[in-house]
Each structure stands twice: as C-alpha cells, then as structure tokens.
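Quick notes on the structure that follows.
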Amino acid sequence: MTDLLVHCDHVGRTYGRGERAVVALHDVTCAVRATDRIALTGPSGSGKSTLLQLMAGLDRSTSGTVTWPTWDGSPFGHPERAGVVFQEASLIPSLSAAENAAFPLLVQGVAADEARERAGDALDLLGVGAVASHEPDELSGGQAQRVAIARALATRPALLLADEPTGKLDSATGAHVVDLLLHACAEVGAGLVVATHDHAVARRMDRTWAIHDGELVTP
Amino acid sequence: MTWRWLAGLARKRPVRLLATAAGVAIAVSLLAALGGFVVGSEQTMTDRVAAGVAVDWQVAVAPRHDPAQVVDALRADPRTTAAVRVGFADAPGLHARSGGTVQDTGAARVLGLPPTYRATFPQAVRVLVGNTDGPVVAQQTAANLHVTPGDTITIRRAGRPPYQVRITGVVELPQADSLFQRIGAPPQSQPVAPPDNVVLLPTARFDAVYAGTPVSTQIHVARDHAALPHSPDAAFTEETGAANNLEVRTSGAAVVGNNLGAALDAAREDAGYARILFLFLAVPGAVLAAGLTGAVAQAGAERRRNEQALLRARGAAPGRLVRLALLEAGLVGLVGVLVGLAVAWVTGATPVLSWDVAAATVGVGVAALVVAAPAVRDVRALAADQAARSRSRSRPAWMRYGLDLLLIAAGLVIVRVSGQNKYTLVLAPEGVPTVSVSYWAFLGPTLAWAGAGLLCWRVADGILTRGRRLVTAAARPSLGALAPTGASMLRRRRRVIARSTVLLALAIAYACSTATFNSTYRQQAEVDAQLTNGADVTVTEPVGADVPPSYADRLGQVAGVRSVEPMLHRFAYVGNDLQDLYGIDPTGITRATHLQDSYFQQATATQALAGLQARPDGILVSAETVNDFQLSPGDLVRLRIQDARTHRYVTVPFHYVGIVNEFPTAPKDSFIVANADYVAARTHSDAVGTFLIDTGGRDITGVADRVSAVVGTDGSVGTLLQARGLVGSSLTSVDLSRLTRLELAFALLLAMAAGGLVLGLGLAERQRGIALITSLGASVRQTRRLAATEPVYVLVVGTVIGLAAGWALASLTVTVLTGVFDPPPTSLAVPWTYLAVVVVGAAASVLAGTVLVTRRARARARDLLRGT
C-alpha cells in the first residue's frame with residue numbers, strides 16, 4: 001500500500017441544500033497508485049470533474065473521506081503533490097507560457113531561478129519550449145494545453161489529474177497530447193487519471209472507471 | 001426572444017447593468033442638478049436685484065404734459081403694481097434756529113410725497129427719528145441745521161417769500177443717488193453726489209407751497225417682480241422693452257428712469273459667470289461620468305463578444321443582435337435617466353424642463369455610445385471576419401507623437417496669451433441687451449484636461465512598461481518571491497490598468513480641482529467681505545464728527561470685542577485728483593483686520609506696514625498714482641489736506657514707501673494709506689473715520705448690537721455678515737454653497753465609483769484567473785495579494801497623478817476665472833479634509849471591491865474552472 005496516492009472512501013458530494021440539492025457524487029470508493037493510468041469516463045454531468053477536484057484537494061466531500069497516504073495529507077487548496085490539467089487550457093492570461101509553468105513552483109516557495117529552470121524543462125519535455133515567452137492568446141489550442149500540462153508536471157507531482165484534456169482539440173492533436181501525458185508521467189513517475197468521454201483516449205489508459213449519475217460503476 | 005434576452009440580462013448580469021445605468025445616472029444628475037443651479041442662481045440674482053431696488057421706475061413727466069395721462073398709461077401695463085406722483089422742487093437754501101444758534105444751508109431739494117409713499121416704496125425712505133406724518137428732513141440736513149423732530153425750519157423760495165415747516169422726523173434716503181438722478185441724461189451728465197439738503201413734504205403741503213411755481217413731476221412706479229423672467233438677461237431685456245414701450249405710447253410725455261433695468265443690467269455679468277462656472281465645473285464631471293460608464297461597459301466586452309458569437313452560431317441574424325444591443329442600451333439609458341433626474345431633484349436642484357430634457361438626452365446618448373455602439377461594432381466585426389480581431393500591441397499613435405504633451409503645452413499657451421491680453425470672460429456692456437461670454441477661454445482648460453488624461457495614461461503605462469524593476473521592488477514586501485510574477489501580470493494588463501488609472505486619476509483630479517476652486521472662491525468671498533466692511537464689526541463716524549481715537553477704549557469694553565483699531569479718513573489732493581486718505585497705526589491695524597499680501601504690490605503686507613512704521617511721513621499709494629507721477633521709493637509727495645482748524649487745504653509733505661492695491665473699507669480706485677499720528681499732527685485733528693472691531697469671528701451680530709447701543713446715532717455700525725450679503729448680492733454667496741455641496745458630493749461619488757466599480761468589474765472579469773491561481777496552490781493570502789496588486793497600483797498611481805493634475809488644473813481654472821475673484825487670491829485654498837475623504841473613499845471602495853471579488857472567485861473556483 002506504500003504506492004497508494006489517493007484513497008476515496010465512501011465519498012459523496014452534494015451541491016446546494018433542501019429541494020435544490022444536487023448529488024454530484026454518491027458513495028464513491030476508489031484508490032489510485034503511482035503506476036496507474038486510469039481513464040474516468042461517463043456522460044456530461046456524471047461527476048467526473050467533481051471526483052477529480054476532490055482527488056486534487058480543490059473541493060471538499062460532503063460525506064466520506066479523501067486521503068493521500070503517500071504524502072503528509074493535503075490541506076484544502078494545497079494540492080502540492082497533485083498536478084491538475086483542466087478541461088480548457090486554463091492558463092493565467094497575463095503571464096507568459098514560462099511564467100505560467102513556473103507559477104505553482106513560486107507559490108510553493110521554490111527559488112525563482114530554480115522555478116524558471118524546472119518550468120523550462122517541463123516545457124521542453126512537452127515540446128513547447130520554443131513558445132516559452134509567448135502569451136496565452138498567442139498560442140494555439142494544442143500548444144496552450146501542452147503548456148498547461150507542463151505547468152502541472154513542473155511541480156513533479158506524484159499524481160496527475162487531467163479533466164478532459166483533449167476535449168477542445170482535434171483528434172490528431174488530442175492523440176499527441178495523450179502521448180505526451182503518458183510520456184511525461186512515466187518520466188516523473190506520476191500516477192495519471194484522465195477524465196474523458198473520448199473512447200480513443202480511454203483506450204490508451206491501463207484501466208477505465210465508468211461513472212454514472214455520481215456513482216462509480218467499475219472501480 | 002427579445003424579452004427573454006432582457007430578462008436573462010437582468011437575472012445574470014444585474015451588477016453590470018446597474019453599474020452602467022449608475023454611470024449614466026451620475027452624468028444625468030450632474031447635468032440636471034448643475035443646470036438647475038444655473039437657473040436657480042439666475043432666478044435668485046434676479047429676485048435679489050429686483051428686491052434691492054427701492055423705486056423700479058422714476059418716470060419724469062415732461063413740462064406742460066398732464067401727469068394723469070402718464071399714470072393712466074402706466075396703469076394700463078398689467079406689470080405695473082403701483083404708480084404714484086412725486087413732486088420735485090428746488091429751494092435756494094434752508095434756515096433754522098436752534099439752541100441759540102442760527103444755521104443756514106445752501107441749495108436744497110424739496111420733494112412732495114403722497115401719504116402712501118413709504119408703504120409702497122419701503123426701501124426708499126428709512127425713518128431714523130420721529131415719524132413721516134408731516135415734513136421730514138434727511139439725516140445730513142438735520143446735522144447741517146442742528147434740528148430734531150419738533151423743530152421748525154425755513155425753506156426759501158426763489159422770487160417768493162420763504163415758508164416754515166415744523167419737522168416731524170429725520171430720515172435716511174438709502175438710494176439717494178437714483179432718487180435724485182437726472183432722468184434721461186447720459187451717465188457722464190449725472191450728478192456726482194446726491195444733494196446734502198433734502199426736505200420731504202406731504203403732497204398736499206407741497207402742492208400748497210409750490211402752487212403756481214414751476215416744479216417737476218415724477219411718477220414713481222413699482223413693477224411686478226414675480227412676473228420677471230428668471231434670467232437677469234431676459235428680465236433686463238423685458239424691462240427695457242416695457243420702458244421704451246411706455247415712452248412711445250405717451251408720445252414724449254414720459255421719460256423713464258429705469259432703476260430696475262439698470263440693476264438687472266449690472267447682474268447680467270454675474271449670470272454670465274454662473275453659466276461659465278457651470279461649464280467649468282459640471283462638464284468635466286459629466287464627461288468623466290460618461291467615461292466611467294464606458295469603462296464599466298467595456299469591462300464586460302469580452303463576455304458580450306462571446307455571447308454574440310454563441311447567438312450567431314445558433315442562427316441569430318446580425319440585425320437581431322443589433323436590436324438586442326440597442327434594447328440593452330435603451331434599458332440602461334432609461335433606468336439611468338430616471339434615477340439621474342430623481343437624484344437631481346432630491347439634491348434640491350431647481351427642476352427646469354429644458355435642462356432635464358437636455359440631461360436626459362445626454363444620458364441616452366451616453367448609453368447608446370458606450371453600450372450599443374461597441375456591441376454593434378462587434379456584430380459587424382463578427383460578421384466580417386471573426387478572426388480578424390486582434391489586439392494591437394504597438395504604442396498608440398498619440399503616445400508616439402506626444403499628443404498629451406502638445407495638448408498641455410497648447411492649453412498653457414492659450415491661457416497665458418489670453419491672460420496677457422487682459423481679456424474679460426464675461427462682458428455685459430451697459431445698456432446693450434446681449435451678454436458676451438468669451439468661450440475662447442474654455443479652450444485652454446479643455447486642452448489641458450484632455451492632455452492631463454492622456455499624460456496620466458502615458459505615466460501609468462510607462463511605469464509598467466519601463467519600470468518593471470521599480471514595480472517588482474515595490475511589490476516585493478507584499479508578494480515576496482511572487483513579486484516578479486505580479487509585475488509581469490501588471491505589465492501585460494497595462495492597457496486595462498492604464499484605463500482604470502486614468503479614470504481614477506481624473507476623478508480625483510476633478511474632485512481636487514473642484515474642491516480647491518470652491519475653497520479658494522469661498523476664501524476670496526470672505527476676503528472681499530472683509531475688505532468691504534473692514535473688520536468683523538465697524539463703526540463709521542458721520543462726516544464732520546470729531547470722535548477721538550480714545551473712543552476705542554470705550555468700544556473695547558463692549559462684551560465680545562477682542563480689539564479695536566481707529567482709522568482716520570480724510571480726503572487729499574494728489575495733484576488735481578481727490579483721493580481717500582486713510583490714517584492707520586501700522587503696528588496695530590492687524591489686530592482688528594486681516595491684510596492679505598495681495599493687497600500690496602512688490603511687498604508683503606508685513607513689509608508694507610514695516611515701511612510705514614519705519615518712516616512716519618511714509619505713504620502707500622496706488623499703482624496708478626505711482627505710474628501717473630513716475631514715483632520711486634523715497635520720493636517726496638506733496639498732498640493737500642484740509643486743516644481742521646482753518647478748514648483750508650494745506651500742503652503736507654509725505655514720502656512714497658510702497659504700493660497698495662486694496663485696503664479695508666477703501667474704494668476700488670486710487671487711495672492713500674499713511675500713518676495716523678502724522679496725519680493727525682499735520683491736520684490738527686485726530687478725528688476718527690472708522691473704528692475696526694475684531695470679535696474673533698464669534699457672535700458678530702450680538703457684538704454689533706451691543707456696539708450700536710453704545711454708539712447710538714453718532715455712528716453707523718456695519719458687520720461682516722451684512723457685507724457678505726452685499727458682495728454676494730450676485731453670485732458669491734447665493735447659491736455657490738449649494739453648488740459646492742453638490743459638486744463635492746458628485747466628485748466624491750465619481751472617485752469612489754472610478755476606484756471601486758471599474759476595478760471591481762475588472763476583477764469580476766478576472767475571477768477565472770483568480771480561481772486558477774487558487775487551484776494552482778496559492779494560499780488565501782497569496783491569492784488576495786496577487787489580486788490586490790492591480791488595484792493597489794491603480795490606487796497609488798491614480799491618486800498621486802490625480803492630486804497633482806487636480807492641483808494644476810485648479811490653478812489653471814483660478815487663473816482663467818480670475819474675473820470671478822475680487823480680490824484675486826494670493827494662493828489656492830486647499831481643502832485637505834475633503835481631499836483626504838476622497839482618497840480614503842476611493843481606497844475603501846477599491847479594497848472592498850477587491851476583497852469581494854477575490855472571495856467570490858475563491859468560493860466559485862470549481863464552477864469558474866469548468867467555465868460555467
């Protein structure tokens with residue numbers, strides 16, 4: 001169990017209260033290990049993003065517990081060991097590609113020079129080193145998504161959580177991004193969970209979890 | 001779909017819609033309220049001027065014409081409320097015997113007044129002693145004849161035996177100048193002074209005494225003031241027209257002495273200044289409010305473009321998108337106009353339909369310009385080529401060519417050139433119906449405002465573009481290792497930041513310049529009142545009275561009096577020019593009155609008084625006298641002054657020590673200030689003309705009443721408060737206080753709105769970015785500080801530039817509006833407390849906006865990251 005990265009134990013997440021309450025996740029139990037390459041599939045609104053947010057420590061469950069056994073807990077808002085790639089590229093628009101990639105490191109208190117170097121390495125790894133000085137609106141969709149992945153990898157996360165990383169990309173670019181994700185995770189030794197409704201992407205993963213109406217069907 | 005769209009807007013974007021409508025409302029209310037101020041001021045001016053006229057018309061009946069015919073013609077005009085006949089006769093002299101002495105006077109004027117005269121024209125005759133049931137004499141006449149009520153005087157008649165009357169009272173004729181005017185004669189042919197000797201008889205007595213003797217007859221007319229147009233200009237035109245009409249209708253039987261018209265004529269210039277003040281003070285605020293509204297609308301431009309693209313993708317035709325944009329603008333305009341007009345009315349501005357309509361039109365125009373126009377433009381761009389939209393990264397052309405500096409330079413040159421030409425902002429030539437306003441004078445400040453706005457943009461942009469190290473260093477104490485990142489964020493958003501900074505700076509500049517101008521205006525109005533009255537309270541001795549300076553000790557014992565300074569008043573011939581001569585104690589004069597440096601030329605007040613003190617026979621004279629006689633400091637000046645013992649003018653040597661422009665109680669033209677001791681010694685009289693009394697500004701009326709009780713009828717007591725009413729009879733004290741409150745409230749509102757609203761809405765657009773920062777592991781503190789970097793930059797840079805620009809623009813405004821000030825200010829009066837409130841208010845709104853948006857962004861991070 002030493003390589004267990006995150007463990008969800010009967011986790012539930014409900015938004016709103018009373019009659020307007022919406023159950024996004026219900027009684028989900030699952031675990032991710034360092035060698036896992038998991039595709040999380042399901043229709044829109046099934047709870048994929050919610051589960052990823054809980055695993056990343058960006059949200060709190062309303063029932064059950066989420067734990068990160070291999071590192072010293074994960075205070076809410078400080079997913080120091082979990083890198084997140086969002087549905088859209090989600091780059092900070094007022095920072096260059098390099099500055100975007102270095103941002104999480106600086107937040108963690110890494111020295112500026114080291115942060116710059118590690119961000120550069122991550123960008124090179126994702127093949128976007130040449131556009132390091134470009135601003136987000138000067139990048140193509142694929143480039144922006146690769147910069148976002150580089151940003152997630154620059155912190156050398158133990159776990160990479162990607163929410164529809166290819167959702168807005170054409171199939172060729174999407175396939176290339178998946179290649180890069182798998183390659184990068186292998187390079188840094190990170191576990192990978194990709195939320196997707198694209199079967200082509202799901203097939204590239206080792207395992208597939210299906211989620212329907214907030215319930216995980218095949219853990 | 002249209003209504004669903006509007007409902008959706010109201011539901012989903014209420015803050016933006018309300019903020020845009022609020023911007024429109026500010027512009028509308030500012031224009032409507034200040035427009036109401038102009039009209040209200042003009043109405044007040046007209047009312048006050050009209051109320052101050054004792055007899056509106058003095059209609060001279062031509063010889064051999066029937067006065068009754070003229071009275072009938074007057075009464076045919078519905079605006080005539082009263083018309084009474086007054087007889088005027090000349091008497092070769094008056095005679096009285098009282099207390100064992102005999103007094104004789106020179107020529108006198110005898111008037112025959114009907115019993116109702118005092119009730120009809122209450123300001124024309126003021127009873128000092130006794131009553132007006134019988135014959136009365138004027139105050140000066142009573143002094144000349146040494147008579148009191150009950151005494152008998154003899155009135156001499158040309159070619160006929162004199163007759164005697166027993167007087168029942170002594171009166172004052174406050175408007176004797178106009179009462180004894182030569183009707184129909186040009187100004188240069190008017191008497192220099194009213195007659196010294198005046199007797200008022202009841203009409204019956206007058207007719208009896210002068211039966212068969214040629215006398216002149218006037219019809220004194222009261223007009224309906226309530227029917228006058230609100231503007232002095234229009235009222236003047238109407239009254240002049242009515243007077244001309246009467247003269248034509250009576251075919252030469254009547255010549256109108258139009259006292260009301262003359263008074264309105266004088267007020268027209270002030271009305272012109274009121275309009276100018278409106279243009280100077282309201283228009284920048286309204287433009288600023290429009291800019292603010294534009295910024296608010298612009299803050300949501302990206303979202304609007306996305307929505308338009310979505311609608312187009314779902315089949316909405318461009319025409320429909322345009323209609324939706326127009327509908328949104330209409331909704332915003334309607335709400336803004338209604339709220340703006342309501343606010344204007346609540347502030348107490350006089351509701352004036354024409355101004356309200358104009359303000360509403362501007363409001364709708366602003367809404368169309370800032371809401372509909374960009375949306376329509378985007379629709380067209382979307383239809384043409386969505387991809388063609390790209391941001392220009394090069395510096396704007398105006399910045400490359402230095403347009404800001406050129407505008408400021410041009411504005412300063414125009415103001416300087418205009419000032420050198422001694423131009424007059426408002427010119428109302430006497431008797432000419434049109435008022436000329438020099439709108440050219442607006443060009444300088446307008447260019448300076450525009451230049452200041454662009455320069456502010458250049459500075460805000462320049463610091464971010466070229467001052468990265470400076471910004472990083474400034475941010476380091478707050479952001480630590482994230483300081484370079486914060487500086488990068490600022491640099492890349494410099495366009496938006498510069499726009500917000502410019503708006504805040506201009507709002508603060510507007511508040512600063514308006515408040516400084518108003519404070520300076522108030523300060524100078526107070527100085528003017530001090531100049532007119534001389535001190536808090538003054539006791540003016542009648543001509544010929546012989547009250548010694550030691551009387552000051554008695555006045556000094558009155559409760560509430562802090563100090564008393566006697567001031568001699570004589571007349572002296574400088575060559576052939578008769579000037580007022582004031583004898584003062586240079587070491588004590590400032591204990592009772594305030595002397596500004598601007599009263600003197602080439603010296604401060606202290607230096608000028610020291611010059612007098614150093615030389616007992618020293619004199620301060622006007623610049624005109626210095627120029628006329630080519631005087632240099634130390635030159636001998638021989639004045640001819642009346643000797644009290646011989647009553648003959650004797651030559652007294654003085655030495656010129658300095659130039660005086662203004663002095664308490666002194667006239668506007670040339671006068672002389674000298675040492676009282678020297679004047680007293682050389683004229684053998686230390687009789688005081690005026691006692692200046694300082695009360696420390698407290699209980700002026702109470703002290704004046706107590707002083708009056710001591711002085712009795714031996715002198716007249718005047719107060720600073722009365723002087724304020726006099727100098728403020730036109731513009732100064734009437735409505736400016738209300739205008740000031742209004743402007744300062746709007747300026748504060750604009751500063752707070754510019755600070756908080758624009759930044760708040762800008763931050764709202766950045767919510768997703770803030771959510772991202774949070775999701776990338778930034779702590780609450782790091783997120784908040786990163787989010788606050790931009791507002792703090794805008795606040796600090798905007799405030800510094802705004803205060804500097806505001807001070808400069810206030811100086812410029814004061815320079816251009818010098819004609820409003822009398823005397824011109826030595827320095828600007830800066831309202832520090834108000835400015836502190838503005839800066840604190842802007843800072844509070846900025847910080848509140850930042851905290852609210854940051855908190856909301858963190859709370860909604862999950863939704864924002866999913867793009868919902």
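The backbone N, Cα and C atoms fix where each Cβ goes, glycine too.
Curation plays no part in TrEMBL annotations; they are all automatic predictions.
Annotated features in TrEMBL:
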type	residues	note
DOMAIN	B:284-349	domain 'ABC3 transporter permease C-terminal'
DOMAIN	B:744-857	domain 'ABC3 transporter permease C-terminal'
TRANSMEM	B:276-300	transmembrane segment
TRANSMEM	B:321-345	transmembrane segment
TRANSMEM	B:357-376	transmembrane segment
TRANSMEM	B:397-417	transmembrane segment
TRANSMEM	B:437-460	transmembrane segment
TRANSMEM	B:496-517	transmembrane segment
TRANSMEM	B:744-764	transmembrane segment
TRANSMEM	B:792-820	transmembrane segment
TRANSMEM	B:832-853	transmembrane segment
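If you look at the transmembrane segment (B:832-853), the same-chain residues 6 or more away from its ends with a CB under 8 A from one of its CBs are 504, 507-508, 511-512, 515, 744, 747-748, 751-757, 759-760, 763-764, 766-767, 770, 784, 787-788, 791-792, 794-795, 798-799, 803. Within its own chain, the transmembrane segment (B:276-300) has Cβ neighbours under 8 Å at 13, 16, 19-20, 23-24, 26-27, 30-31, 34-35, 37-38, 336, 362, 366-367, 369-371, 374, 425-426, 437, 441-442, 445, 449, 499-500, 503, 506-507, 510, 514, 517, 731, 739, 743, 746-747, 750, 753-754, 757-758, 761-762, 764-765, 813, 816-817, 820, counting only residues six or more beyond its boundaries. Against the transmembrane segment (B:397-417), the recorded stretches B:357-376, B:437-460, B:496-517, B:792-820 differ in Cβ pairs under 8 Å, and the greatest number is found for B:437-460. Among residues of the same chain six or more beyond the transmembrane segment (B:437-460), those with a C-beta under 8 A of the stretch's C-beta atoms are 272, 275-276, 279-280, 284, 398-399, 403-412, 414-415, 418, 423-427, 494, 497-499, 501-502, 505-506, 509, 794, 797-798, 801-802, 805, 808-809, 812-813, 816. Per DSSP, the secondary structure of the domain 'ABC3 transporter permease C-terminal' (B:744-857) breaks down as 97 helix, 0 strand, 17 coil.
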